[in-house]
Amino acid sequence: MIENGSGEESRRSVRLIGAPTDYGQDRRGVDMGPSAIRYGGLSDGLANAGVDTQDAGDLLVPRAEERDPEYRTPSEGKARFLRETEDVCGRLSNEVQQSLADGHTPLVLGGDHSIAIGSVAGAAAEADIGAIWFDAHADLNTPTTTPSGNVHGMPLAALLGVDEWAGVDWANAPSLSRENVAIVGLRSVDDDERELLRESEISAYTMSEIDRRGLANVVEEALAVAGNGAEGYHVSLDLDWLDPTIAPGVGTPVRGGVNYREAHHAMEQVAEDGGLRSMEMVEVNPTLDQHNETAELAVELAASAFGKRIL
Ligand SMILES: NC(=[NH2+])NCCC[C@H](N)C(=O)O
Ligand SMILES: [Mn+2]
Ligand SMILES: [Mn+2]
């Protein structure tokens, strides 16, 4: 349920937007994520959560084969497929803005995590928002610091306007401010990202902190950070947040992630908090999955985030 402005509660309506990209990393197949998540039962799952759903279909994304991945202009630095990413993210941002203007909560289906640049830019276009980044990774690289050239390791830096991302208009940079960003579940961080996290106000919760304090406490704090003084927040759910034993269908798995019940409970906390403005689920790669279990888990988690309860 969401507030409709007059203090009454109304049924939430969700609009699905598919962003089938694989430009942002080098394991092919993540562009099939939106189909896998839909086949995993997303609209039924959301109906069980008590929300209305409409499906806007997928953005048209040209295949990466049409360009030499090693071809880069100087402004692209070491980032591969930056212009293609810009093209998709610009269109995705418009779709997300339109969805919000029409009164629907956008739920974006990736695609690799580079699409977050578009979804958050859209969600932040008309409001000051925070973000919770559920991820094994910090995604805080730039076209200079990137160890891989993969833009899926950079979206949070782009949205915060870090270094050369500052003022990048297709990222609406900065779309986010550091004091309203929380990263939850970190366990794989590059040196430059670590340095940035040490000196900045970004709230970063590692798996060790989760071990020590419990995920529920950490998520409670993360929700407060993201929502503090903001008009709602975006939830970015990278499926590699979860332990690879339950979410094997991702391109950059890292051992030691959150377990099944922890993940559900975190999403239940999101639903209960009520400040969710937009959401995305990214990095599901069906070619690396086992019987679509990662996509099905994404469906279950979305249902919890939108209010499905056990009782
Ligand atoms: N969204 C993700 N799965 N990101 C993984 C990033 C991995 C590494 N930090 C890189 O920049 O290449
Ligand atoms: Mn990740
Ligand atoms: Mn990520």
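Cβ atoms are placed via backbone N, Cα and C, with glycine included.
TrEMBL does not curate its annotations; it predicts them automatically.
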Further binder of Mn(2+) named by TrEMBL next to Asp135, His137, Asp139, Asp238, Asp240, taken from the candidates His113, His264: His113
Beyond the site residues His113, Asp135, His137, Asp139, Asp238, Asp240: chain residues whose C-beta lies within 8 Å of the centroid, for Mn(2+): Trp133, Ala136, Ala138, His152, Gly153, Ser236, Trp241, Thr252, Val282, Glu283
Where Asp240 (Mn(2+) binding site) sits in the secondary structure, as DSSP reduces it to three classes: helix
Neighbouring C-beta atoms (10 Å sphere around the C-beta of His113 (Mn(2+) binding site)): 32
